[in-house]
Amino acid sequence: MKLTCMMIVAVLFLTAWTFVTADDSRNGLENLSPKARHEMKNPEASKSNKRYECYSTGTFCGINGGLCCSNLCLFFVCLTFS
């Protein structure tokens, strides 16, 4: 019984993890080539060259603490210790 409950929780967690970390699939594979050509013509349009702003304290950060200005994400919220 306990093993069954643990397996159900693990499957639900992994399913949620897949949805949270998945890329936006609306573009699909058919649009990858035009985007790549555009990025080759204009290297500044590349995602790797974009600078993202950090999230302030109290904002939702998901599972990536690097998005917070303080680099501290606990329970999906950016925190700051002072």
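Cβ atoms here come from the backbone N, Cα and C positions, even for glycine.
Keep in mind that this is a model prediction, so the values were computed, not measured.
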Checklist outcome for this item: Answer for the disulfide partner of Cys69 (Swiss-Prot, candidates Cys54, Cys78) is Cys54
Item to check | Cys78 (disulfide bond) in three-state DSSP notation | outcome: strand
Item to check | Neighbour tally for Cys61 (disulfide bond), based on other Cβ positions within 10 Å of its Cβ | outcome: 22
